[in-house]
Structure formats: C-alpha cells, structure tokens
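Enquirer: A single structure is presented below for examination.
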Amino acid sequence: YLLPYDFDQFCMEIKKYLIIYNTFKFSNHFLKVLVFSYFRARPAVQTRTSWNAPIMWELMFDGSLYDRKHKEADTAVALTVFAVGRFAYLNTFLTSAEKHFMLGLPVTYFVFTDLPEKVQNITLAPQRNIKVVKVEKYSRWQDISMMRMKTISEVIDAVLKYDFHYVFCFDVDQIFKARFGSEALGESVALLDAHYYKLPKHRFTYDRNPKSKACMTEGDYYYHAAIFGGTCEKVKALTDYCYVNIMEDKLNNVEALWHDESHLNKYFWLNKPTKLLSPEYCWDENIAQFSLMKKIIFPPNSGFYCSVDMRD
C-alpha cells in the first residue's frame, strides 16, 4: 500500500469519527488496520521497490491528502520543456498541462526554444506562469535531447533553486489526459518505461558498450527519460551527472545507445530514486492496453501518454 501523505495526522482525523459519544476507544493499531483496508490493494503490480521507495499506481493513494499538504506548505513547482523545432506539440502540451498538472499549486512553465516569438499565449490559471528561454538549435534531435541536461542544470542554479521546491522535466510530445498531481512530487522521481515494465531484465536496453560511461551490466528497472523530477538539488545532481558523462563520451567519440536516457538509467542505478511513477503516468498508444492500467499520458504523433484516465 501507499500510505497517505501524513499518515499519523490522517489516523487522528479518523479517530474523531470513531470515538462514538466518547465511550469507545480505539488503539492506533486498530486505526492503521482500518486505514489499510480503506485504500484498495493492487496485488497484481509491484507497489514498492527493494529499497522501499513507493511506486505510484492509481487507486493506491488519496490525491486530496497530498494536495492539502502541499497547498498548506505553498509548494511551488517548475516544469521544464524543450520545443526546439517542434512547435506542433508545444501548444497542446501546455494547454493540457493547465487542465491536469499540479492543479491548485503555483506552477511556472519554463519553455526552452530556438524561436521564442513562435510561443503562443495561452490562458493560465492564477499562480501559473510561463517563462520562455532562448536556446541553441542543434542539427540532430539526439544532441538537443542530450544537451538539455546542461540547460536544465544551469537554470536550476540560476533561478529555480531560489523560487521552487520541485522541478519536473518533460518531453514536449505528450498530452495530459488526467490528473498528474502532487502525489508525484518527491525528492528524486523516476518513471518506469511502459515498453519494458512487463519484460524480464535481460531484455532491458541498457547501454552495453564498455567504452561508454552509460554502460550497465545490471539494473533495477528501465526508466523513461520523457519524465523525471524531484527537488532542485536532486534534479541538478542528475542532470550534471548525465551532462558530464555525455561530454566524456563525446571526447572518446562514443554515443550511448539511447543517448541521455542511457545515462539517466545509469544514474538511477547508482543513485536510487525515492519515488517511482508507474507506466500509467506515461503510456504508449502503440502498446496494447492491459488490465493493470487504471490511469494513463498521450502525445499527438509519437504515441506516448501523460496521465490518461481509463477508469470505467
């Protein structure tokens, strides 16, 4: 089970309703058993890692409890997205994010683009902002993807660490279809790749080239670089690690199999994430839907989902 954000406080609130006419007393153990029974089990899926990090699946948490805690703390979230030569996706990404991403919390979208004048104005809710930052355009999409690690690190150091509690980094070719809420916030957050979730580990496409800094002979899971996040400190550590190792590979005329994603997987193998997002948070429409998916995130052409609701 995934417990409510503040479990002890939640137990105390329930206790108020269980002490009828001040005559019945209930032990904390009884209350915890009651709460565990309230939150439905997901026995068909793994809900915790071997290092005890939660894996966030739909029906395993009460989002309103997370929201209340973060609203009380006035948690501010930054979202980074790169639209370099990919403006067909940006407007849909942002408008769908306004409907589903961290609703009720202060959010600033940092849009990195080579053509700032092409970024369209969209209607934003209160406490929501957009900052447009001009970046260099590279000839290959692989280089754009890899070099974003340097850019994210720099903007964290210059701006984000002073004003935001958390930062989430997204690929632009996605559409939010359902809640992507504060339950996803954590110190270091990784996303399970939908393509590999049901596969045995020997089929994970880690970089196996010993000449690359991304080389891995074993791992825990296969993580998808389309979404990652955490505190500013932890995301900066991840992006710095990836950038340094990408540049070392370049000096040695080596390129990791899946570019920045290969380096991200190596980082999370060495530095375990504190929270994992299930494949529901980023599904691929080209994969056959299976019964474990209660919630799913979908991009216009490439096929990835971003929190699509599939409940009956």
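Count begins at 1; order follows the chain as displayed.
Using N, Cα and C of the backbone, Cβ positions are placed for all residues, glycine too.
Heads up, TrEMBL stuff is auto-annotated, nobody curated it.
According to TrEMBL, the protein carries these features:
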| type | residues | note |
| --- | --- | --- |
| BINDING | Phe82, Ala83, Val84, Phe87, Asp171, Val172, Asp173 | UDP-N-acetyl-alpha-D-galactosamine binding site |
| BINDING | Asp171, Asp173 | Mn(2+) binding site |
| ACT_SITE | Glu261 | active site, nucleophile |
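Map the listed features onto the structure and describe their local environment.
Expert: Under DSSP, Asp173 (UDP-N-acetyl-alpha-D-galactosamine binding site) is assigned to coil, being neither helix nor strand in the three-state scheme. There are 22 other Cβ atoms within 10 Å of the Cβ belonging to Asp173 (UDP-N-acetyl-alpha-D-galactosamine binding site).
The secondary structure of Glu261 (active site, nucleophile), as reduced to three states from DSSP, is helical.
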Enquirer: What's the most sparsely packed of the binding-site residues Ala83, Val84, counting other C-beta atoms within 10 A?
Expert: Val84
Enquirer: Can you give the largest Cα to Cα distance in Å, as a whole number, for the residues Phe82, Ala83, Val84, Phe87, Asp171, Val172, Asp173 that bind UDP-N-acetyl-alpha-D-galactosamine in the record?
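Expert: If we measure all Cα pairs in Phe82, Ala83, Val84, Phe87, Asp171, Val172, Asp173, the largest is 12 Å.
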Enquirer: For each of the binding-site residues (Phe82, Phe87), count the other CB atoms lying within 10 A of its CB, then report the residue with the highest count.
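Expert: Per the Cβ count within 10 Å, the most buried is Phe82.
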Enquirer: In terms of DSSP three-state secondary structure, what is the assignment for Phe87 (UDP-N-acetyl-alpha-D-galactosamine binding site)?
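Expert: In three-state terms, Phe87 (UDP-N-acetyl-alpha-D-galactosamine binding site) counts as helix.
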Enquirer: Would you count the other CB atoms within 10 A of the CB of Glu261 (active site, nucleophile), including those on all shown protein chains?
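Expert: Taking all protein chains shown, Glu261 (active site, nucleophile) has 24 Cβ neighbours within 10 Å.
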